[in-house]
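Lifted from TrEMBL, the feature list:
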ACT_SITE  35  active site
ACT_SITE  110  active site
DOMAIN    26-217  domain 'L-asparaginase N-terminal'
DOMAIN    238-352  domain 'Asparaginase/glutaminase C-terminal'
Ligand code: ASN
C-alpha cells in the first residue's frame, strides 16, 4: 500500500443515516474528477475542481438514508488523462477501505469510464461488494445537470441488498448512467451530447432505474465467497491497431513494431475479418514470432468474432491469434494489460486471454 493511499482524508457527509439502525450501511464515494465536478476556467473551458461541499451541489444527498463518506483524489482529472497508474491507485484505495465500507461509488469522467471500469474489474479479483462508476454530462450544480440523479441511483445500487437473504445485490464493478446499470467490462461510451452516454455491449443491462430499481438478477455475477485480491501490476506495452480499407503496410508495421510491444488489439471488420494481402499476413506473423500477443476484436458493436467463418479470418486462426469473441475494445485493452502484467508463461497467458475472467466475453 502506498503511503499516499493511506493518507488521503475522508470527509463524512451529512445524511439521514440512523446510526442506531443495524441496517444502515456505510458507502464510500471516491471522486476522481470528470464533468460531474467541473467548472469553467478563465478561457471558458471545463476543468476539474476539488469537490468539497458536494452536498451543496447535490442537496438530495442530505436525505440519503445511509452513511456517506467522500474521498477526493488530491488532483482530480479529466478522464482523458487517466493512466494505468491511476487504475492501480484506485484499486489500492478500494483495498485500503474495503473492510470499512459496504459499497463504493467512483465519480469519474465519462470519456474513459468504460476503460477504467474494465481495468478495475480485472484488478479487483473475488470482489464481493459493489463498485459503481458514475459521473455526469453536465456539471453538478448547473440547471439540468444529470449529476445528482446519476449519483443518488448509483448509491442506491451500491446499498442494494437481496430482499430476503440480505446479501449484496450487485457484487460487481459496474457503470451506472442515465438509469441503466452496465457491467464494467461491457460498457461503452456511445454519446457525447445526450444524457444516455453508455451502452451495454453484447450483454443485457444489470438493472434499470425507473420509479424503483429493477435488477436483472440472473445477469449479475455471483461468485462463491473468497478473499478479495488486489492486483498490483498492469503491462503498459500494449497497442490498438484499427483496420480500415487502404491501411498501408507502413502503418501496420509501425504499430506492430513499437519497441517493447507485448500485446495488441487488432480491430477487425465484422466477425473478425481482415485483409488477406501477403504483406499483412507477414506483418502479423512476424509480430507473433517476436512474442507479441494479438487479440482479434471486431469493430462491430454487436455480434462476435468467429475466426475461420470466412476465408478472411482464417489466417488469424492459423497464426495463433486469439479471437476476442464478443469483447469490447475497452475490455480487451485492459485485459491485455492485466493478463500480461501477471507475468505467466505462454500457455497460461493464452489460456487466460481466451478465458472469460470478469464477464467480459460470452464463451
Ligand atoms: N471530458 C469529461 C471527462 O471524461 C467528460 C465527462 O465526464 N462527461 O472527464
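Each Cβ is built from the backbone N, Cα and C atoms, and glycine gets one as well.
Straight-line distance linking the Cα atoms of residue 35 (active site) and residue 110 (active site), rounded to a whole number, equals 8 Å. Sorting each residue of the domain 'Asparaginase/glutaminase C-terminal' (238-352) by its DSSP state yields 48 helix, 21 strand, 46 coil.
According to DSSP, residue 35 (active site) is assigned to a helical segment. Summarising model confidence by region, the domain 'L-asparaginase N-terminal' (26-217) averages a pLDDT of 96.
The Cβ of residue 110 (active site) has 34, 35, 79, 135, 136, 137, 177, 189, 197, 198 as same-chain neighbours under 8 Å, each 6 or more residues away in sequence.
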